[in-house]
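Participant: Let me begin by handing over the structure; questions about it come next.
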């Protein structure tokens, strides 16, 4: 403002005879303008354009000269380099601050602030913003399960489970995956004499389409201590109960499209896997990671897209050398072959899958999925057993807290 006022004064006093404008000394200025002038006088050259003239500040005096006498290029460049970064910074900050607000409140050209009642409390406007966020969060994040489709085959996921410290954690993790799969029915079968409240509450809270069953494995078939005997068929009775439930629920000649998949609660599943298996005509197969002491096991597929063998080290001559998580069966085939069950007795370790599949299909009937069995879509992960050595010490045990 000081330079502008001085420019106006010089413009009025300028004579077009080419004479120099009368010098403006320090005493001519008001006392409040003296510090600013001293600041300006410390510069080699200050310029301000106004009405085609340039006002220069030199050693404690100001004078005007025609704008044709331009300052040197390096002075202009210095000014540009000083002003440009600040201009860009202010522009970016302005855009980043206002853009989200404009995006949220834009509604077909209407402005909620413009339509608001004058004098309305600003807190009501903030409440409106929070309501919008809550609606979006409810509709697009927490809606579960996905809308049911009349055209997609139903995937019946059979999961045997048993009571242990990490049971709820593993079922929760699995439920969070299944919540993203449309047309899914979760068959959870507990190895227990009755349905436990923990599993019942978890299933109810997920909002999934589910069936909760239970059957207790006889004591002589259960694991003893921490020893893992591969000859003991863990989960076999639970899977067989799920097969019986399906056959009792759907008629043998049912035309309802569906797929049955045996998914343990300690595995990790890609969402892509469920879409791959949905088109199963008889039995579809794919690789499984972290099994058999290998990075992965997989069916061996030839150039014609047919399964001709198995990529595995453990007993590769098994009729179906595949993990339980590596295949799915068409529901109609399950209903038509009522004699097909997992064998509980007289079956060697690793032959449980073969005991069922050999009753349903031959090797030539298998349908390779996951890009001809070249993609990994399921991982045989296991949750580390928690160390609870301090439970019961110094009052830390609280059985009422559900974990």
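Any Cβ shown, glycine's included, is placed from N, Cα and C.
Just so you know, TrEMBL annotations are computer predictions that nobody has curated.
Not my notes, these are from TrEMBL:
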- 76-94: transmembrane segment (TRANSMEM)
- 160, 161, 162, 191, 234, 239, 264, 265, 266, 380, 381, 382: UDP-alpha-D-glucuronate binding site (BINDING)
- 266: Mn(2+) binding site (BINDING)
- 297: site 'Interaction with galactose moiety of substrate glycoprotein' (SITE)
- 353: active site, proton donor/acceptor (ACT_SITE)
- 372: N-linked glycosylation site (CARBOHYD)
- 390: site 'Interaction with galactose moiety of substrate glycoprotein' (SITE)
Participant: Name the one residue among 297, 353, 372 whose Cα is closest in three-dimensional space to that of residue 160 (UDP-alpha-D-glucuronate binding site); these are the recorded positions.
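Facilitator: Among 297, 353, 372, 353.
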Participant: Quick one: of the binding-site residues 162, 234, 381, which has its CA closest to the CA of residue 390 (site 'Interaction with galactose moiety of substrate glycoprotein')?
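Facilitator: The answer is 162.
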Participant: Between residue 381 (UDP-alpha-D-glucuronate binding site) and residue 353 (active site, proton donor/acceptor), how many Å separate their Cα atoms?
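Facilitator: Residue 381 (UDP-alpha-D-glucuronate binding site) and residue 353 (active site, proton donor/acceptor) have their Cα atoms 19 Å apart.
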Participant: Out of 234, 266, 372, which of these recorded positions is nearest residue 353 (active site, proton donor/acceptor) by C-alpha distance?
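Facilitator: Among 234, 266, 372, 234.
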